[in-house]
Amino acid sequence: MKLKSFGVFGNPIKHSKSPLIHNACFLTFQKELGFLGHYHPILLPLESRIKNEFLHLGLSGANVTLPFKERAFQICDKIKGIALECASVNTLVLENDELVGYNTDALGFYLSLKHQNYQNDQNALILGAGGSAKALACGLQKQGLKVSVLNRSARGLDFFQRLGCDCFMEPPKSAFDLIINATSASLHNELPLNKEVLKGYFKESKLAYDLAYGFLTPFLSLAKELKIPFQDGKDMLIYQASLSFEKFSDSQIPYSKAFEVMRSVF
């Protein structure tokens with residue numbers, strides 16, 4: 001049986017559960033796919049050229065995580081779907097010798113909220129302005145939520161302004177129903193915002209959501225302490241991964257089937 005290689009680019013990357021859940025799917029569906037896929041973590045130096053690495057490794061597809069999603073958008077031969085709007089790519093697929101970029105974060109995040117029966121008619125504050133934040137802002141706006149973005153610097157905020165989001169470099173004196181940590185602070189065991197400011201937001205919120213997964217982050221720990229409903233990024237990971245797997249399988253395996261397999265192993 002033919003072997004195809006896949007992977008996930010990131011820095012850091014050793015924490016990623018993507019290899020676990022994707023390899024479970026490749027093993028489960030190898031008969032339907034007609035090939036055996038192997039998916040591995042790829043630690044990418046910050047200065048690396050993503051497209052060169054992809055081709056050099058002979059990959060058929062890959063996911064992209066921190067901090068490369070915006071750079072991945074720039075190196076694709078083609079961009080499809082909502083990735084065109086959010087200028088962020090988390091899924092790369094080699095199609096007819098062209099590197100095609102997709103974004104499954106936006107829909108993956110929405111499906112994870114829907115899974116928790118979260119209501120759409122509310123407002124959200126996104127902390128951070130990177131590739132994940134862009135995808136979430138696009139996705140949430142499509143679902144009718146009012147989106148605000150708080151970032152420590154002006155870098156990247158012009159995108160959100162063009163999108164119609166309220167943008168801040170200092171914490172706004174407003175209340176938000178959904179507080180999303182889309183920064184990398186949790187990977188460094190830090191809060192994304194001053195603790196007292198974050199407490200104030202949490203006390204007025206209905207859900208605290210951290211894109212990090214696999215451990216109780218300082219962000220989620222504070223929400224738990226204040227008895228605020230909270231959620232980590234596990235469901236989003238599995239939903240976006242199952243949507244990516246559908247792309248890797250050339251739509252032979254619906255994301256719903258991939259989701260069930262991935263959920264069973266993580």
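From the backbone N, Cα and C atoms, a Cβ is placed for every residue, glycine too.
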- [ ] Please state which member of Gly108, Gly144, Gly233 Swiss-Prot lists alongside Gly128, Ala129, Gly130, Gly131, Ser132, Leu211 for binding NADP(+).
- [x] Gly233
Task: Same shikimate site per Swiss-Prot - residue from Asp105, Asp177, Asp235 joining Ser16, Lys17, Ser18, Thr65, Asn90, Tyr213 - done: Asp105
Open item on the list: In whole Å, how far does the CA atom of Ser16 (shikimate binding site) lie from that of Gly130 (NADP(+) binding site)?
Closed with: 18
Task: Under 8 Å by Cβ from Gly128 (NADP(+) binding site), counting only residues of that chain that are 6 or more apart - done: Val149, Asn151, Asn181, Ala182, Thr183, Ser184, Pro192
Task: Close binding-site residues near Tyr213 (shikimate binding site), where close means Cα within 10 Å, chosen from Ala129, Gly130, Gly131, Gly233 - done: Gly233
